[in-house]
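Novice: The structure's right below; bear with me while I get my questions together.
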Amino acid sequence: MASGILLNVKEEVTCPICLELLTEPLSLHCGHSFCQACITANHKKSMLYKEGERSCPVCRISYQPENIQPNRHVANIVEKLREVKLSPEEGQKVDHCARHGEKLLLFCQEDSKVICWLCERSQEHRGHHTFLMEEVAQEYHVKLQTALEMLRQKQQEAEKLEADIREEKASWKIQIDHDKTNVLADFEQLREILDREESNELQNLEKEEEDILKSLTKSETKMVQQTQYVRELISDLEHRLQGSMMELLQGVDGIIKRIENMTLKKPKTFHKNQRRVFRAPDLKGMLDMFRELTDVRRCWVDVTLAPNNISHVVIAEDKRQVSSRNPQIMYRTQGTLFQSLTNFIYCTGILGSQSITSGKHYWEVDVSKKSAWILGVCAGFQPDAMYNIEQNENYQPKYGYWVIGLQEGVKYSVFQDGSSHTPFAPFIVPLSVIICPDRVGVFVDYEACTVSFFNITNHGFLIYKFSQCSFSKPVFPYLNPRKCTVPMTLCSPSS
């Protein structure tokens, strides 16, 4: 009953033109009410086609624009009606139009809305393409099914993107944490260097202070004695001048001669411009070296030793460690027993299993506690040739060796090409190594044709760098423990 009354009221406040609830209702003197926009549009049409005649769209009674009045009473009814819901039963009827109460049987293609027949005739949907729901339901069902499959694919892509970004986030965190650790370690090394340099400088200054002040104290004592002696002479002369004639003349020539011949001794002094000038450590150079070492360490490769049949060396099971046997090896050739300690250096040379034909490669070798070793890169050698007695002279770049070495525990050297007078003898150049390395880093840049050696023990300082290397064929890591039985160890990248 109540819903019927509401429907009747709704009909009374519905615009006859747009068939919607009145919006800003205006009433003509004939009593009919219209939306302000609808009656204005109707007025414009009347002016265009009927030569200025204005008439009510419902009853066709003429009207004048000044007779149009806002209908606030109807506006209030419309406002209240919009707030009022129909009965619960009617509200649950989703197949009926909420505006007109008619069955929702049509589909408006332009607005993608289900509408009733009154909606179809309204201003909102006028001129639109409308269809029975049954005509388009199957078509849109297929489209929605296709869209659903597309969404499921998008969901998989989205989940993969989500997983990828999480993985990247975790990777970045690990990398940054690793970089933080490296930064802390690098600056700790810098602090160690600065502390050591500071301690050395202070010790030098204390020694300098002790030596100089000790010498100046001795000079000061002599100067005090000399001053006292002069004062005593002055006192003696003053006494003679004030005394009797006999006291004045007694031994006067000797005193005058002694004064005339007296020469003041000057103290031993130290010229300040001769002092050793203190220079702060080259922090920029240190940082540059740290950066260089950090860069090359990004090219760290996991090097292992190649298997071999050399009886004079022992390779560990993990193929990372090599050591020499007792060098007093006896060789038997054609029934003759002879000792070849010279050839032993080359007989203990071992190649890494990884060949280098391009790119950048870095590895580190632990040589702690060894008194002799040779390491670097080699362009490969024939095992049979190692027994050639002349090969102990072929550690030269032109023969495919870019190596440095240690002998007698303190003598570091680099093997360079020999002169034209001694082409088969390498030119052995001593290296200045302040801190003996327990670990040596080797960096090969194949395209740049360089081989660099770093003292990892001394904060990554560069030991030596070969430039313009002639890499005409693959090169290999090279280790030679020489006659020292202490092992050499290839370090893993994680060490």
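Placement of Cβ uses the backbone N, Cα and C atoms for every residue, glycine included.
Annotations per Swiss-Prot:
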BINDING   C97, H100, C119, H125  Zn(2+) binding site
COILED    137-223  coiled coil
MOD_RES   A2  N-acetylalanine
REGION    187-200  region 'Required for interaction with GABARAP and for autophagy'
ZN_FING   15-60  zinc finger
ZN_FING   92-133  zinc finger
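Please go over these features one by one and say how buried each is and what sits next to it.
Specialist: When secondary structure is read from DSSP and collapsed to three states, H100 (Zn(2+) binding site) falls in the coil class. Less than 8 angstroms from the CB of H100 (Zn(2+) binding site) sit L19, C116, L118, C119, each of them six or more residues away in the same chain.
Look at the region 'Required for interaction with GABARAP and for autophagy' (187-200): DSSP puts its residues at 14 helix, 0 strand, 0 coil.
Long-range contacts of the zinc finger (92-133) within the same chain: residues 7, 17-21, 38, 86, each at least 6 residues beyond the stretch ends and with a Cβ under 8 Å from a Cβ of the stretch.
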Novice: Let's check the environment of C119 (Zn(2+) binding site): how many other CB atoms sit within 10 Å of its CB?
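Specialist: Step by step: centre on the Cβ of C119 (Zn(2+) binding site), count other Cβ atoms within 10 Å, giving 23.
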Novice: Tally every other Cβ atom lying within 10 Å of the Cβ atom of C97 (Zn(2+) binding site).
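Specialist: So the number of other Cβ atoms within 10 Å of C97 (Zn(2+) binding site) is 18.
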Novice: Are there any residues in the same chain, six or more apart in sequence, whose C-beta is under 8 angstroms from the C-beta of H125 (Zn(2+) binding site), and if so which?
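Specialist: Sequence-distant Cβ neighbours: C108, E110, D111, I115, C119.
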Novice: Residues other than C97, H100, C119, H125 within 8 Å, Cβ to Cβ centroid, of the Zn(2+) site?
Specialist: L19, R99, E102, I115, C116, W117, L118, E120, R121, S122
